[in-house]
């Protein structure tokens, strides 16, 4: 999920102290995603037996067998409905791409002290690998099924239903979505819209052949958020745009590591992306980094942590540190390379430093209670409130925004007529190695 470069006023805001128990602060009931038995009740009925023989016996009408979900080579159905915990017993989830540190940090791979520190992170790694495998399987469905003519609502529901099934939490019971589920609303931003767009109720938008679609998916398990995005384009004229951004993201991942300086990572990303150009309808465009969008750290139950990773050259000398978790994301554009807020808001999140304000509107009090119990500080959208049976909540929600309790995230757009692309991975700066937790065979 994209992080904007903060304004000077936002820079002055004090960062609230974080709770020692994020799960409790977010209303979790003490259960964890790995406590779920993940039982699956999709057993198929047996075919009806042959009718009894005998003279004059009436011929029984054959029962039409239920259509079975197709299974992939890994035992998963299509669409994916078998929880990841059933496919990987004993929490033996696949590792991400492990990359050894370079330079002065080469020693970390074999250092006994660092290996011991790494072993203390088993719960964190289990949760992240669980979420990452759910992410890979959900986006595998998207790669296969997202086609021109599909509505954005169907795409969003297809991805989100898959994620919830894969982590074994539907999110319909109070507090269930805080244990595991969507890390943030699925971003489906088209063409000059770069980020923070997901359909609200009644949305009629349909994906067209010449569209460039950014698919930004967040999966969380016990508040550990996997944030990873890719771009879909059906017309090959956009190939270089997608290649530029994918290459730039991989450059950022390569340069990232313990003691790496954020400004230098941004410079390397910019150099890579600006080495590309794309020809559209006979006109050549340089691929520009969207300079006011950043990568970012990820904290537990908080998608945007305290550090930002620029995608252009910066004087920021801040270093990455051991134990941090980063979303390395880059955005490229054929337009201005700068985005602004425009359009109907769909994304919201309760602020971690939300003030204690006396709310006068009953509707605001009611919807805040729903947010606290079902999302905590995880981002959500209007569809998620609709799904929980909430209605007539918009006035109350807007009141929470105006009181600084909830942050609204409008769509971020470049110049109309331009095209934008995005690629993103989540990386863990473990004591011994850098793990690209969301890496898959697709990107």
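Glycine residues also receive a Cβ, built from the backbone N, Cα and C atoms like all the rest.
Of the listed candidates (216, 414), Swiss-Prot assigns 216 to the same divalent metal cation 1 site as 227, 424. Per Swiss-Prot, the candidate among 264, 329, 342 that belongs to the divalent metal cation 2 site alongside 227, 296, 424 is 329.
Surrounding the centroid of the Cβ atoms of 227, 296, 329, 424, where the record places divalent metal cation 2, the chain contributes additional residues within 8 Å, namely 1, 2, 3, 228, 229, 295, 298, 326, 327, 328, 425, 426.
For the recorded divalent metal cation 1 site, residues 216, 227, 424 set the reference point as the centre of their Cβ atoms, and the other residues of that chain within 8 Å of it by Cβ are 1, 2, 187, 217, 218, 228, 229, 327, 329, 422, 426. Cα of residue 329 (divalent metal cation 2 binding site) to Cα of residue 227 (divalent metal cation 1 binding site): a distance of 9 Å. Between the CA atoms of residue 216 (divalent metal cation 1 binding site) and residue 296 (divalent metal cation 2 binding site) there is a gap of 15 Å, rounded to the nearest whole number.
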